[in-house]
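The annotation transmembrane segment is assigned in TrEMBL to 9-30, 50-71, 83-106, 118-134, 146-163, 183-205.
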């Protein structure tokens, strides 16, 4: 894979990720949502909740570093490494959590169905496949992983704290008011272990797989 072709692959990933986020944002502004609500909030609250979803943040962390790779294929700064690694792990966890925990709860059709599959299935598969195919590698270290894992930890803490204030949670498995703190802690702990495992796996693969692009 030549650098020019790798750049094209990154462009495809960036377009897909930005497109997914913007498509869902249009639906949210129109009063729709991936996880349907009985009583949709006002516009300001809808926008806040949109960006509060881990799914949206993960897609953005795929879109932004991929866009940078299109503009500057040789980028190798610390912030880019951290953002890139966080995006890869975040989108991987997004796909798995959606498939096993959220997909059975959703009964969507039309544009909502398209947005759901685009955000939770298409972007994760394409982003991970693109990384495996064109890299860039090696560009990840244990230190990068340590910085990157701060994001999901802070997101979880903020979401649980804000839920106590606002009463809203982005995902049903984080609803302590409904299920109690025990099940919520167990699920969040399990997802945290999944994150740590993915960070370790990606850093290891980054060193084991052939350098790319070549």
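One-based numbering along the chain as shown.
Just so you know, glycine gets a Cβ as well, placed from its N, Cα and C.
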Segment proximity, the transmembrane segment (183-205) to the transmembrane segment (9-30), 3 or more C-beta pairs under 8 Å: no
Other parts of the chain folded back onto the transmembrane segment (118-134), taken as Cβ under 8 Å at six or more residues beyond its ends: 1, 5-6, 9-10, 12-13, 16-17, 19-21, 23-24, 34, 55-56, 59, 62, 66, 87-88, 91-92, 94-95, 98-99, 102-103, 209, 212-213
Spatial neighbours of the transmembrane segment (146-163) far in sequence, C-beta under 8 Å, 6+ residues away: 52, 54, 57, 61, 78, 82-83, 85-86, 89-90, 93, 169-170, 174-177, 184, 188, 191-192, 195-196, 199
